[in-house]
Amino acid sequence: MGTLSHAIAPKLAVPCHGLSSSKPRILRSKSTRTASAARSRRVFAGIKSQNPPIDFSDPDWKSKFQSDFEKRFNIPHITDVFEDAQSIPSTFCLKMRTPVTEEFAGGYPSDEEWHGYINNNDRVLLKTIYYSSPTSAGAECIDPDCNWVEQWVHRAGPREKIYFKPEEVKAAIVTCGGLCPGLNDVIRQIVITLEIYGVKKIAGIPYGYRGFSDKDLAEMPLTRKVVQNVHLSGGSLLGVSRGGPGISAIVDSMEVRGINMLFVLGGNGTHAGANAIHDECRRRRLKVAVVGVPKTIDNDILLMDKTFGFDTAVEEAQRAINSAYIEAHSAYHGIGIVKLMGRSSGFIAMHASLASGQIDICLIPEVPFHLHGPHGVLRHLKYLIETKGSAVVCVAEGAGQNFLQKTNAKDASGNIVLGDIGVHLQQETKKYFKEIGIPADVKYIDPTYMIRACRANASDGILCTVLGQNAVHGAFAGYSGITVGICNTHYVYLPIPEVISYPRLVDRNSRMWHRCLTSTGQPDFE
């Protein structure tokens, strides 16, 4: 098998599931996705790849759709491969009043009086808004008439029966990709929850997937004592990196180390790698649970309310925006430009602009714009300088890439290296005002690495805590090839392929984007 970078590169083709064809799901180009997002009628994410397409003239299309949905969102379980796998009473019980002892892991009985377990048939409703028309703002429709169809996903949490004996478990945790607020919080909660189950062997894999193959990198023993205060700092206790060895080499390393639970913290690419590891373990008939925890500061994972680190990023961005505002407001004809994270999705820029109330122009990847011309950004900046004397612009890093020289350079994860739209916007703004003879004082702020390195705020701290706990619950319940997330304020398990097929994007017809435009007062720059 090839190197890991092939497995974790942006997904250009993902196998469909359920009743769908076995042909790969071909993703659209960025420009095509952007054009599609402009339509007032949106289609639910799960249907975009339906092959063959749904025949809406069939009177039974709803039941067929629901059947297909249930098959696609059915989460893999150890008993799919090991049909004779035996469950045991859960060792997780919060009615316990004494400390965990050496004997605990061997046979702590399930407390029948404790009703804190989740039934395997519990489900969470994926969508909660009934759109009466496909032209309604933000409408997500399955059929042209926007009929209501219930879509249910698996509820996360501890099960009464588990499929791993704690004393036989060696769990490993790995953090991949870039830094993100909350990594240490998740690591901490995974370790704490594993110990409550009775697990004694917990290892941290250093520097992402690289730690599985680099002989100079030793695994880090983890205990509650080790991780007790780690959440008070930003970064990752285990370190991060992009890329890594091939999938076969990773699974070989897991076999040698005796790892039978793997918790993977990362974004779309990292989850693609986790899913490949899960598939390889199944192919080798290894009783291993692979569980992902979605880590993307951009908030671009499908089907989830939000991912950890996002709230902290929006909050920390306020410092940069306020600084840009003060610089612009204090200068004669001052213009402040702030570039925030968001390769393909503008959620951070949109929410940070809404939160600050100081942004005059918000630019995101999903909404094309012109810089020059009568309806361009620069013309509006001139209007703002003439009418209010200053202006503040917030731009997502992936916005306006069409103005920049394209390269074929990619990072270790297979992501295209973006041009710096912030610097370009600063230079073009200076050039424009110089040409029209109006003095302008342009300041540019890029707080990216300051934000990434922050510790999680209270909101993200809670989210990380619950995600970490539920990841462990899912692994002990026998699930693998899943990720844990929050959906309609409830925590759920989702099959990895369904959340990594393409990035979640801002819907330009959504109420949230409309609220942002109302706040900034910006015109249409297309």
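Each residue, glycine too, has its Cβ placed from N, Cα and C.
Because TrEMBL annotations are produced automatically, they should be read as predictions rather than curated entries.
Among the features that TrEMBL reports, domain 'Phosphofructokinase' is placed at 171-473.
Annotated ATP binding site per TrEMBL: Gly178, Arg242, Gly243, Gly267, Asn268, Gly269, Thr270, in sequence order.
The annotation Mg(2+) binding site is assigned in TrEMBL to Asn268.
Annotation source TrEMBL lists site 'Important for substrate specificity' at Gly269.
The C-beta environment of Arg452 (substrate binding site), restricted to residues of the same chain at least 6 apart in sequence and closer than 8 Å, consists of Gly178, Leu179, Cys180, Pro181, Gly234, Ile297, Met341. Among the features that TrEMBL reports, substrate binding site is placed at Thr296, Ile297, Asp298, Met341, Gly342, Arg343, Glu397, Tyr449, Met450, Ile451, Arg452.
Within 10 Å of the Cβ of Asp298 (substrate binding site) there are 27 other Cβ atoms, across all protein chains. Among the features that TrEMBL reports, active site, proton acceptor is placed at Asp298.
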### Summary
Close in space but at least six residues away in sequence, with Cβ under 8 Å from that of Thr296 (substrate binding site), the same-chain residues are Gly177, Cys180, Gly267, Asn268, Thr307, Gly309, Phe310
### Message
Distance check, please: Cα of Gly269 (ATP binding site) against Cα of Asp298 (substrate binding site), rounded to an integer number of angstrom.
### Response
13
### Message
Cα-Cα, whole number of Å: Gly342 (substrate binding site) versus Gly243 (ATP binding site)?
### Response
20
### Message
Restricting to the domain 'Phosphofructokinase' (171-473), what is the model's mean pLDDT?
### Response
94
### Query
In Å, how long is the longest CA to CA span across Thr296, Ile297, Asp298, Met341, Gly342, Arg343, Glu397, Tyr449, Met450, Ile451, Arg452, which the record gives as the substrate binders?
17
